[in-house]
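Residues annotated as coiled coil in TrEMBL: 130-174, 404-438. Under the heading compositional bias 'Basic and acidic residues', TrEMBL lists 476-490. The annotation domain 'F-BAR' is assigned in TrEMBL to 1-263. The domain 'REM-1' annotation in TrEMBL covers 397-474. The annotation domain 'SH3' is assigned in TrEMBL to 538-599. Marked as region 'Disordered' by TrEMBL: 476-530.
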Amino acid sequence: MSWGTELWDQFDSLDKHTQWGIDFLERYAKFVKERIEIEQNYAKQLRNLVKKYCPKRSSKDEEPRFTSCIAFFNILNELNDYAGQREVVAEEMAHRVYGELMRYAHDLKTERKMHLQEGRKAQQYLDMCWKQMDNSKKKFERECREAEKAQQSYERLDNDTNATKADVEKAKQQLNLRTHMADENKNEYAAQLQNFNGEQHKHFYVVIPQIYKQLQEMDERRTIKLSECYRGFADSERKVIPIISKCLEGMILAAKSVDERRDSQMVVDSFKSGFEPPGDFPFEDYSQHIYRTISDGTISASKQESGKMDAKTTVGKAKGKLWLFGKKPKPQSPPLTPTSLFTSSTPNGSQFLTFSIEPVHYCMNEIKTGKPRIPSFRSLKRGWSVKMGPALEDFSHLPPEQRRKKLQQRIDELNRELQKESDQKEALNKMKDVYEKNPQMGDPGSLQPKLAETMNNIDRLRMEIHKNEAWLSEVEGKTGGRGDRRHSSDINHLVTQGRESPEGSYTDDANQEVRGPTQQHGHHSEFDDEFEDDDPLPAIGHCKAIYPFDGHNEGTLAMKEGEVLYIIEEDKGDGWTRARRQNGEEGYVPTSYIDVTLEKNSKGS
């Protein structure tokens with residue numbers, strides 16, 4: 001099947017068809033361009049969406065820690081990668097499909113124009129040959145008619161008796177001339193006809209088939225190019241499908257990584273205050289004195305003993321309670337003094353206690369004017385303002401647990417900075433040694449200011465670490481002490497009072513610390529007696545102070561450089577060692593400040 005043989009007479013139709021093919025090619029190129037714009041806009045909108053919901057990493061405290069948040073941000077990252085793959089699809093389509101189509105359409109137009117011009121030239125040449133043949137034919141026909149007229153004139157004169165011989169001879173010559181010219185035109189016509197037939201055969205069997213064949217090949221190449229572009233259009237997206245699948249798998253893995261237990265534990269770690277929950281309010285029986293006064297104003301010895309036991313038990317139950325928001329219950333009514341009760345004797349010599357009207361009057365006033373023991377909303381608000389107040393250097397505005405975490409974080413950061421400064425000091429010392437050995441490389445004195453600055457930074461960081469470690473040991477010591485006090489309170493039913501620690505409470509009445517110890521002064525002896533009989537810990541070694549330590553904080557022990565102390569408790573991993581002087585004074589000293597020597601069979605001093 002060839003256009004040259006089948007469509008030899010359809011030049012105009014082929015002209016229109018090839019033009020339609022180029023128009024269709026450009027239309028598909030326009031479709032690809034719009035698809036590229038859609039992909040680019042889609043990728044841009046996805047990136048904007050990811051950017052909108054990504055966290056602002058302005059500070060480390062705002063970084064996501066919950067597994068659900070981390071999973072969501074991982075999904076955002078995968079979606080960002082997915083948007084990048086859409087951009088890859090757009091770039092591949094633009095380069096492989098759209099750009100190739102536009103270049104091919106330009107080349108196709110040039111080639112089509114050339115083939116059509118060749119076809120038109122061949123047609124024009126054939127038309128010229130036909131005109132030449134037609135002109136020779138018409139001239140031959142005209143000469144033949146003139147020759148016929150000359151023959152008729154000659155015959156008429158020859159048959160005419162009246163015609164002269166000269167007229168007959170002239171008509172004969174004219175006949176011969178016309179006959180000769182007709183023969184010449186006949187020969188020319190035959191030659192032109194033969195030439196035209198040859199050119200026409202060449203035109204329809206050689207030239208036009210060749211031109212149409214080239215047009216056919218051009219159109220088939222256009223079709224093939226469209227097929228390749230269709231395939232490339234699909235391949236541009238198929239190539240990124242594995243990566244897109246990985247993005248989707250990453251989203252699924254992020255969803256599977258959500259751990260509700262871990263998130264719950266993080267909530268506990270983030271908001272745990274370290275305080276103990278408040279205990280039960282003790283029952284305060286104000287009616288005892290009323291009933292006793294109304295009955296007979298006397299009380300038996302057994303009731304007196306039971307009353308003392310009940311009072312002690314009540315007090316014991318109230319001991320060790322830590323009140324919500326730092327508020328403690330209102331002090332109990334003061335114990336009866338000798339001025340408010342007296343001893344009376346019966347005729348048989350027995351004695352009993354009688355109460356005056358003052359305790360009864362006092363109890364009635366307490367009942368009438370007593371305030372509720374639950375903190376008011378004002379105290380809640382004040383406690384919240386204390387919590388949200390400006391941050392202090394030692395984080396004493398935070399609860400104990402949160403304060404411990406903040407101090408530990410700061411200590412870790414300071415240790416990292418100290419390590420950097422130490423590395424820099426070591427590098428400067430090495431460089432100084434090199435300069436001293438090779439003066440031509442540099443002046444050792446030029447490093448002295450930087451070395452001095454590094455030493456100052458190291459000393460400053462060590463003091464900061466020491467200060468924060470002291471605060472941390474204070475928090476950890478008080479936290480451990482609180483657990484011990486709670487345990488002893490559960491066993492002995494003793495009352496603890498005051499705030500848990502000055503740094504970690506939310507008490508909004510600063511005078512409670514002063515008033516607290518005087519409220520139940522009579523019970524301190526019971527609490528202290530349990531710990532006064534403890535034997536001192538034996539020494540397990542000795543240490544020598546490398547650096548001086550002021551020991552201003554509670555629980556620490558001051559020491560001078562070169563001082564020798566006894567070790568009574570090793571470092572538990574918190575950077576502090578418990579030591580004792582020869583005079584018996586004990587306390588904690590920084591482990592990094594001493595040179596420890598442990599002894600296997602050492603006894604207490």
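Using the three backbone atoms N, Cα and C, a Cβ is placed for every residue, glycine included.
Predicted automatically and left uncurated, TrEMBL annotations should be read as such.
Cβ atoms under 8 Å from those of the coiled coil (130-174) belong to residues 181-182, 184-186, 188-189, 191-193, 195-196, 200 of the same chain, restricted to positions at least 6 beyond its ends. In the predicted structure, the coiled coil (404-438) carries a mean pLDDT of 88. Per DSSP, the secondary structure of the domain 'REM-1' (397-474) breaks down as 72 helix, 0 strand, 6 coil.
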